[in-house]
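Annotated coiled coil per Swiss-Prot: 61-86, 218-285, in sequence order, evidence recorded as sequence analysis. Here Swiss-Prot flags 382-391 as compositional bias 'Acidic residues'. If you look up Swiss-Prot, you'll see 231, 351, 360, 381 marked as phosphoserine. Residues or ranges marked as region 'Required for interaction with DRG1' by Swiss-Prot on the basis of similarity to another entry: 236-260. Annotation comment: Swiss-Prot describes 99-126, 174-212 as zinc finger.
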């Protein structure tokens, strides 16, 4: 009797995968919905440790890249085999009534058609690109009506046409040249094509499915507007070049004269508008006017308001909590706003030697201050000079009191003993 086969120690791959998922779920219980970076990093580390053990993340990424390369190699091999052995092409089917010569032969595309000129399908690979596109400026229903003449009608068809043309339902139906909104939306959103069906009833839609001549779409308008846009600098340069060379130079006098003329034109226009509105108000034409205009057009209303006002006098009590805020008020001097030319007389430019001498003096001062020798070099800071000046003005210089018994002989002896007994580490 042969010995029994030993069961696999590791078990099946599915069982191992379930165990790993169970361990990951137990260790990350309650942390999956946490959005913190630490929790997400911990979950990622636990998942990697359970799935790949102590394997390096670089090795895992390398193994995945190798698997991907193997898949790509297999795909390339299949493509090469298909090109070499030419797989079987399914029989071609076309819809009833369609012209076979308008369809490219599938076997000819693969290079397997042996019929040649006898093949009922077309062998012209450019035929698909030569197909007529559907025009958005022509309604296909109009063409069908033009081709559908009385020569091809029978008695039943004739009755149907008469009922449609002169029937009561057709008379009640409004005739319109309005373009269908669904048709326009489909064109604007690039959804219009051979298989597009109008949501408003398909071929029964009462509105036209063709654009009128000269109609411009919104997307084309936006493109034209973007092309017409120019920058502010280009606009200024274009306007300047259009003025020509014979122009008046702008000076203070010409600018003030232009400003005065514009201001006077504005005042005249405002007065004309007020006179016109006043005439409309008197004639009863102005229905909407402001309260200010009412009192301007009828000043007598101000006196009427004073007569109807309350004559009661109120005395204002002086409270103890009032604070007297004394604020200095300065009158506006209009002479400050008078434009003037810049007076360039008397303006001088400093020479380069002055700047070089000034910088050298500053560098010397900084050097003496850094070396701590201001007293030796006979230099003093601005602060010392100010303090000295203040002291001389007061008539005496305040001396700093010095304690002469601060360092006696006993203190110095104790200091020397401490220095001698101090252990110095090298």
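Glycine is no exception: its Cβ is also placed from the backbone N, Cα and C atoms.
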Per-state residue totals over the region 'Required for interaction with DRG1' (236-260) - DSSP helix, strand, coil: 17 helix, 0 strand, 8 coil
Neighbourhood of residue 231 (phosphoserine) by C-beta distance under 8 A, where only residues 6 or more apart in the same chain count: none
Mean of the pLDDT scores, which run from 0 to 100, over the coiled coil (218-285): 83
Residues of the zinc finger (174-212) by DSSP state, where helix covers H, G and I: 11 helix, 2 strand, 26 coil
Structural state census, the zinc finger (99-126) (DSSP three-state): 11 helix, 2 strand, 15 coil
Collapsed DSSP category at residue 231 (phosphoserine): coil
